[in-house]
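Encoded as structure tokens, the structure appears first; notes follow it.
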């Protein structure tokens, strides 16, 4: 929808994204969301006392205290105990949804300032044993379940997420070569942007423990900028014989968090905040679960229609790179301009910590739009189960 009130982003930060089992593996989703939230509050000069609501997205609920996640984030960063909090889950769209939910609170005048965010520790996803709470028979073989792996299959259609991407490859005639070439581009674009310092304004450095002692993590850990086409071509398809999806052209399993603080126009004036961007509108759509990766197509189209804008108006476009064939299917369907889409690399390079990605994409668009002097940008993601979500922002510089 197009917003009923002026809603502005006054701070947007994210942690570096950690590789699976990497530097962030010992931090809970709550820890990482706290790091991002503290950085956002500081960057936006937002006093915790002015925050009216906390909305944090999280998918896997991987820590023992995850049921308290958003509440604990708020309390840890000094937001008053009287301020409510909610943890939400729209799978891969949860980071975006936190912003959408925050906008809805502001538009309904339930809140004036909202701390939004998304966080995920895929490294901490637990193993579990089901159906033993009420006893087991002698000799029973207990099945240990990897919740991370099983969660990547949509049981309603009995289909792993990667197969939904393979379905799009067939439908849109996308080749393995196309996918590997796009994956290489994602890695190369990330390296160029990172070397130029384009991620600096969005980054919330994290102090981590290593064998060499404590160090400050300021750079994403997952990217492999030295990747070559030859290396990508040698990787075997993961889910389908002669398929297109490999470990090299799919988004990386990773850890990370982001925080975006939004405020009404009245709050911006009252607290003398510096608006970085205006939230123009958003749209959420369902789609066929067997091709869930096409979700950004109806989501972006819907957001543009609701706001009276077109793709030509967009200076930057971000489509979360769940899988290379998924992204390429969206690019084909919308006839996206590659020169302004995922300009600094995406999840194939950076990793895709589920709920963290929407917050990362939003934070990146805010700062990159300002760096380039552009006006409009749209961020989007496909969502497991068959949905898509998109948010349009406008540069206020």
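The backbone N, Cα and C atoms fix where each Cβ goes, and this holds for glycine too.
Quick look at what Swiss-Prot annotates:
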type     : residues      : note
MOD_RES  : 25            : N6-succinyllysine
ACT_SITE : 92            : active site, acyl-thioester intermediate
MOD_RES  : 171           : N6-acetyllysine
MOD_RES  : 191           : N6-succinyllysine
MOD_RES  : 209           : N6-acetyllysine
MOD_RES  : 214           : N6-succinyllysine
BINDING  : 224, 227, 251 : CoA binding site
MOD_RES  : 234           : N6-succinyllysine
MOD_RES  : 241           : N6-acetyllysine
MOD_RES  : 270           : N6-acetyllysine
MOD_RES  : 305           : N6-succinyllysine
MOD_RES  : 312           : N6-acetyllysine
MOD_RES  : 312           : N6-succinyllysine
SITE     : 352           : site 'Increases nucleophilicity of active site Cys'
MOD_RES  : 375           : N6-acetyllysine
ACT_SITE : 382           : active site, proton donor/acceptor
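In this structure, the CA atom of residue 241 (N6-acetyllysine) is 44 Å away from the CA atom of residue 375 (N6-acetyllysine). Take 224, 227, 251, the residues named in the record as contacts for CoA: the widest Cα to Cα gap among them comes to 15 Å. DSSP assigns residue 352 (site 'Increases nucleophilicity of active site Cys') to coil, not to a helix or a strand.
If you count neighbouring Cβ atoms within 10 Å for each of the recorded positions 224, 270, 312, 352, 375, the highest count belongs to 352. Each of 183, 186, 187, 222, 223, 248, 252, 348, 349 belongs to the same chain as 224, 227, 251, is absent from that list, and has a C-beta within 8 angstroms of the C-beta centroid marking the CoA site.
Comparing Cα positions, residue 251 (CoA binding site) lies closest to 25 out of the modified residues 25, 171, 305, 312.
In this structure, the C-alpha atom of residue 209 (N6-acetyllysine) lies 29 angstrom from that of the residue listed as 'active site, acyl-thioester intermediate'.
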